[in-house]
Structures are given as C-alpha cells and as structure tokens.
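What follows is a set of notes on a single structure, which appears directly below.
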C-alpha cells in the first residue's frame, strides 16, 4: 500500500463511531425491550452495569492480545465481534441473547478503547494530538445522534433499531482488512506486534500511576454526573424538561473538551496548570450542583461540562509519555482498566449516599474529594518524562 494514511484515518474514524453508540442507543428503547421480553428493572440494571465491567476487564486483557497481534489485526477482530455481538443480542429475542450479545460486543469495544490510541501512534506518530482529537469528536458525534436515530427508527421494532448498529461495526472491521495484507517488510517496529511483546510495568512509574488516577477519578465522577444531573435539578424544584436539557448541554460540551484536550497537550510541554484551572471549575460545579443547583443552573452545568478535560488529555498522554509501542500499550491498558474499574462504583456510591442522607450534599463533597485526587494524579501524569525512563531511573 503506497500511501496508507487516508485509509488509516478513515478506519480510525469508522472505528470511533462504534465506541459509544452501543450504550447510548439502548436508553430510548428500554420500555419497548421490557415489554417485549417481559423483564423488570433488574435486567435493565444489569444492562447498565455491563459496560463498565467489560471495559475494565478488556483493558487488562489488551496487553496480552497486543503481544500476538498488530494494531490493525486487533481492531479488525474487535470491530467484527462488536458487530456480531450487537446483531446477536437481538436474536430470538431472549434475555440470554440480549445479555450475552451485549457482553461480547462491549468487551470488544473495551479492547478497542485501549488499542485505538495505539493505532494513532502507529499510523500518525507526528500527528498524535490532531488525530486523537479527530476520533474523539467522531465518537462524541455518534454518541449524541445514536439515541435520536434509534427513537426515530423504532417503528420496525427494537430488534431492527438496535441490531442495525451492528452493521456499523462490521463496516469498521472491513476497513482494517487492507492493512492485514501489508507485506511483512512494510511493517514498522511501531506497527508490529513484536513492538508490544516487552512487558512495561507502568504501575511502578509515577507517570503510569498518575494517568491511572486521572482516568479512574475522572470516570468515577462523570459516571455519577451522567446518572444524577437530572435528579439534582428536579430535586431543586426545576422541571424534568429543563433537567433533561441540562444533561444534553453537559454532554455536548464534551466536544469542546475533545478538541481542547489534545490541543493543550500538543501546545504545552507541561499542561498541568491548565488541568488545575479546569479542575477548579469542576470543583466549583460540584458544590453548586449539590448545594444550590437552582441558583445558577447554566453556570453549574457549563463548569461541570468543561471539568473532565483530564479524560481526552489522558488518552493523548498515553502516547506522548511513552517512547515505545509497548510503553503506550501498557499505559493505555493500565489507565483505562483502572479507570473503568473505579468508575463502576461511582453511581452506586452516590446512590447509597443520597438514599441515606436524603440530599446531594454528601455526593457533592465526594466528587470534590475525587476531583482533588484527579489534580494530584495530573501532577505526575503531565510531567515531561517518558514512562520507560522513569522505570530505568527507579531500577
């Protein structure tokens, strides 16, 4: 392949389209699924917990996978299982098919979460920040439109509406096939699976721990906000429609973060002061949402929406803070694995505190403490050092 760059970018973007659609496309169809399968809230709750569990498990599996496969092979297989899992979960229909198909597809998406940053490094080593920004925006775009498309296309039944997204995964898988046929001599060290066979114990390096803390605490807080922002506004006496609008605004602001985060990493050698500023906005938003959401609802939601910039910055840093593909693989897998493991407890902890206190004050204080930990992790994650150099210095 004489010039793989345009096709590589297309493959990365098509893959990014699949990262969040499977999760957001379900919500509008929950009542129809419950009626069709005769299930209650417990099954819906299980569906809601599968993503974080699968994302965490798959992130820890990814390094083993990458010792055997190239990034293109891993992504082609992951996207194939994403598509087949989504098609499989609507067969029957039955509860086992729904749960097993969802688990398979989400596990594959979790692998993709960890490997896609490596594809950016392999094909665009000089444009890591720009391409990371591009695929994050693509993912966010389809995350927003998936529930709208599903709601508009629900007439044929929830199986057709939900299963149709599986075709997008299969298309993304096909996009990687040309790279599987590349002659061995054309495969660079960065691109080959041999480049990832070396084990890099990033959990022993401060930059690795810092990135894991950033991912973990940011995901913990954002999952709480996704679940409870509407309730915070409704509890303050505002309408459900207004609360839904606030959640939509909060989600849309992620596009701004996906542009700003990689740009900041590319522009500044040490972006820590920026993260302190965004972290301060996040903390102010937590206090406002928890104690006085109706006093300045638009201010709180904008500050909250701009707060979690540490996530796109973290996705960019896994490449910038590693000299080798092995280092980037380890940083991506460890950071995201820890992140989703911690995130799974966020809504549960917030729900427990709210249920036993009758207010969101305790939830707000918990998010403030978590955001302070995010800033602490960012201090180590943003230091201008490579994880491999830190490990050598410590040995």
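One-based numbering along the chain as shown.
Note that Cβ sites are derived from N, Cα and C of the backbone, with glycine treated the same way.
Annotated in TrEMBL:
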- 4-395: domain 'Major facilitator superfamily (MFS) profile' (DOMAIN)
- 41-62: transmembrane segment (TRANSMEM)
- 74-91: transmembrane segment (TRANSMEM)
- 97-120: transmembrane segment (TRANSMEM)
- 132-152: transmembrane segment (TRANSMEM)
- 158-177: transmembrane segment (TRANSMEM)
- 207-229: transmembrane segment (TRANSMEM)
- 241-260: transmembrane segment (TRANSMEM)
- 272-292: transmembrane segment (TRANSMEM)
- 298-318: transmembrane segment (TRANSMEM)
- 330-353: transmembrane segment (TRANSMEM)
- 359-381: transmembrane segment (TRANSMEM)
Tertiary contacts of the transmembrane segment (330-353) (same chain, 6+ residues out, Cβ under 8 Å): 49, 52-53, 55-57, 59-60, 62-63, 110, 113-115, 117-118, 199-203, 207-208, 211-224, 227-228, 314-315, 317-318, 321-322, 362-363, 366, 387
Stretch among 41-62, 158-177, 207-229, 272-292, 298-318 sharing the most Cβ pairs under 8 Å with the transmembrane segment (74-91): 158-177
Mean of pLDDT values spanning the domain 'Major facilitator superfamily (MFS) profile' (4-395): 86
Top Cβ-contact partner of the transmembrane segment (298-318) among 97-120, 207-229, 241-260, 359-381 (pairs under 8 Å): 241-260
Range from 41-62, 97-120, 359-381 with the greatest count of C-beta pairs under 8 A to the transmembrane segment (207-229): 359-381
Top Cβ-contact partner of the transmembrane segment (272-292) among 158-177, 241-260, 359-381 (pairs under 8 Å): 359-381
Distal contacts, the transmembrane segment (241-260) - CB-CB under 8 A, six or more residues away: 133, 136-137, 139-141, 143-144, 225-226, 229-234, 297-298, 301-302, 304-306, 308-309, 311-312
